[in-house]
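Q: Here it is: the structure, laid out below.
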Amino acid sequence: MAQGWAGFSEEELRRLKQNKDPFEPQRRLPVKKTRQQLQREKALLEQSQKLGLQDGSASLLPEQLLSTPKQRASSQKPPPSSPAVPSPLTLTSSTGDGELHGGESQLQEPGLENSHHGSRSAEIQTPKPDCKVEKKKMELQEKSRWEVLQQEQRLMEEKNKRKKALLAQAIAERSRRTQAETMKLKRIQKELQALDDMVSADIGILRNRIDQASLEYSYARKRFDRAEAEYVTAKLDLQRKTETKEQLTEHLCTIIQQNELRKAQKLEELMRQLDVQADDEALELELEVEQLLREQEAEAARQMAPVERLSQPDGEGVSSELTEENKEPQKPATSPETDKSGKCCSSSPRRLDCPDPGAQNFPAAVAT
């Protein structure tokens, strides 16, 4: 029971499916031919021998013939004595790797299906072909396959050569680009280095100047600190001296005031002892005493002014003024009208000389 093509059995179809090349899916391995195919090939060979081709194509198998002999063979009509034998075109299409589908289409035609039983009877009558022809045919098929493989290999080699050339060209172009980029980068790096050198030189000069300025600033700061310390000490010393001066002036004023009080008391005691009755003389004495007191107060005020100014530190002027003032009251005292008054007046200048030691000690105190 043949389900597909009548020329193959189910076992042969399974074998064909199992023997497919995984690396070459488009090509099929050579398959054992049936008796019908062998008979057709044998008839084709006989026909070619009868025709007697002059170009030597009769010695070759139909698969190895070029297009021109195939066209000639297809153009020639089959002899009327063999109606069961198909034309060479159908035989050539039924053989080879990619010719199985053509044979199947021819066998499935309605005319061939009707003559199927007649071909079987012819197969029984015809003898088996020689094994040598089949071997030659297989060798030729292998050679043709080898040539195809060689051609494919050559094509692949050419493609690889082209790819290598393109790759080398791309590499050369890329290398040129990289060289140009490296040159640009080197130039930019040199420019940056030059800028860095200029900036570093300027920075070095500025740093040296900054160091020098910082040293000068430190020296000036030290001098300022010393001057400030001296100023503070001088100010404190000035304050102490002013305090001592004020204390001395106050002491001088108190001494002068006490001296004047003592003088007044002494004069009163002398007047009581003498019991002066004359009113005129008493009035004159009182006037003289008041005048002396006023002069002493004015002198004390004049002495306070130069002490505060500190323009005349020595006390020679003060002592001279005190001596002059002490001499001035002696003039009216030297001309008394009576002996009592002369005694009193003679004793008064002696009492007026009492503040002289205090006045003499004043310049020494101020100098200290």
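Cβ coordinates come from backbone N, Cα and C, glycine included.
According to Swiss-Prot:
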REGION    1-138  region 'Disordered'
COMPBIAS  11-27  compositional bias 'Basic and acidic residues'
COMPBIAS  77-86  compositional bias 'Pro residues'
COMPBIAS  129-138  compositional bias 'Basic and acidic residues'
COILED    145-304  coiled coil
REGION    188-368  region 'Necessary for interaction with RCHY1'
REGION    298-368  region 'Disordered'
Q: Treating G and I as helix alongside H, and B as strand alongside E, what does DSSP give for the compositional bias 'Basic and acidic residues' (129-138) in helix, strand and coil?
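A: Secondary-structure composition of the compositional bias 'Basic and acidic residues' (129-138): 8 helix, 0 strand, 2 coil.
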Q: What is the average pLDDT across the coiled coil (145-304)?
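A: The average pLDDT of the model in the coiled coil (145-304) works out to 88.
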